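What follows is one structure encoded as structure tokens, with my remarks underneath.
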């Protein structure tokens, strides 16, 4: 088979380079998830003969940030072999034993701890390292069936895995914020080499991706268009269920509090979910408020939750950081099993603003979909932790950093509902946590609407709403074709703490509308980007999260590309009968559409119909779609000024209900600010926490291996209401 090159030797060399780099990369990944790996240097290193293996390792380590760690680690067990497969086998076997030993030591540390929060943090680390090992196993298998013409797909998966591993490591360390004793320092030292090796592995795969992109090999760079196909893991029965009206659905299990199903609680039902199956398993959760804490474990893949509507089926909890629980562990619902789908359900945390960080849902599942769902909380409501996620026609409510995490997530036609925070707290909406510039993660808000509850609108002058702030150094958020109300101040974005992340973040606004959409007075940090047409395309669902391979076929309205102008699109809408016969705007993608005073009628879908819902669909979805949103919301909160017509979803017509954010920092962050707007609270361990110390590496440099350089674990410091005040860390 020809790959576009005449020289057979050149082809052979390129193939060898790819296999070699992939193999050594895997070794790095294996070692990276090992806590306490030791790097032993040879006493006679000066006399060591430079072998073929050493030369190969030096070449592979060239693009990394921590070259010495890279070379020393790979040479430790490589001996004189230069066979990539043997290197992989040796490293894999040695690492599995190392991880087993570390697990035993971690358990011993847990048993010796007197501080309950420290015990919880150690348990959290143990869980997260286990997830990383699971990802490694899948990667090892993927590499075992290596196919040259599919290497680009393999690289995408490896980048996703490495990005998630960085998130796991950082979340482990974040859990020790506010703990007593030396457990946190012990784990930080043990993880130092692992953190460095993970960043090194990501550097290798990124370098390889760039190299392959320049090669322009047709067989590798061509991708099948899957918009008319169903994902490989979606069986025919599941497709029928997801596209059928609820009255016709015959789920595998029914949960009903009134006794009309097989089980009365969700956790009872989960005991009967098949483990590690490749077929979809559907759970119908009937109307009711389910006060239980639910975790969809890693083994529960291809699971579907279908409710009776986000105003009827509610999963409710109230755990909070203030109660002595790590932010990670406060989640009412945790989704870990890949290929998860939820429709017509509400997830809530009722702890309130006074309790600081309190997560309604934490999502780690790759290729997860949420349609017509509601996420209610205050600080840190939706924890989009890691991997690829897609949200359509959902409502997310909160005060501070209520959309945070390090996932690659697209929110299409969703409503961001700002709630009343504590006194003098500002309300930053997003707090993305990217730690490495090479991570394939970030938040994309496409065709969304920002609105406020009436209680918030009453204090919007004192508590401003911001589009977001940088939780970690390389925070990335793109907002496009979205309605931005008047309670978002002209500066738009809020700093985390001082100058932290302002040079290295990646924020961009594209063709937004509404009275707060003008960018002429936005902050001018080095990290604010003006994207070209070509660059914008990279952040659409089809390219950014490879959505064409797994979103179509679910009955979920899905726009795979760009909207034209203020919400119109010439892209295909798959999985629904919604039309996209709108004209293309001549505006440049980086141009802001002149804000209109009312939200556009005809947004592509609407959020849930619960009292806090904000948008009601102007266009009804066809019966039988995956949880088509109810047509009549019981209560509508709409923007004070309406967004331009043509948005992907429009708020209700009642302008008075739209609440604009105030300048105060969000209530409930770990370390809520004092009543004085200018006061700054030290960041806590939660997701949006401000840095505990100045980063050891300049923001413009690559992330330091030392965990202490990053901001606190979760947004735990509430931002001050005053724009001039340094925001306090609030994710924690």
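Including glycine, each Cβ sits where the backbone N, Cα and C put it.
When the ranges 17-37, 38-58 are checked against Swiss-Prot, the one recorded as transmembrane segment is 17-37.
Of the residues proposed, 326, 327, 441, the one Swiss-Prot records at the same substrate site as 357, 469, 471 is 327. For the pair formed by residue 401 (active site, nucleophile) and residue 380 (active site, proton donor), distance between Cα atoms is given as 5 Å, rounded to the nearest Å.
Residue pair residue 327 (substrate binding site) / residue 380 (active site, proton donor) shows a Cα separation of 8 Å. Residue 357 (substrate binding site) has 380 nearby among the recorded positions 380, 394, 414, counting only those with a Cα within 10 angstroms of its own Cα. When secondary structure is read from DSSP and collapsed to three states, residue 327 (substrate binding site) falls in the helix class. Secondary structure at residue 379 (site 'Transition state stabilizer'), as computed by DSSP, is strand. When the Cα atoms are compared, residue 380 (active site, proton donor) and residue 471 (substrate binding site) turn out to be 12 Å apart. The Cβ of residue 414 (disulfide bond) has 31 other Cβ atoms within 10 Å, all protein chains considered.
In this structure, the C-alpha atom of residue 394 (disulfide bond) lies 18 angstrom from that of residue 379 (site 'Transition state stabilizer').
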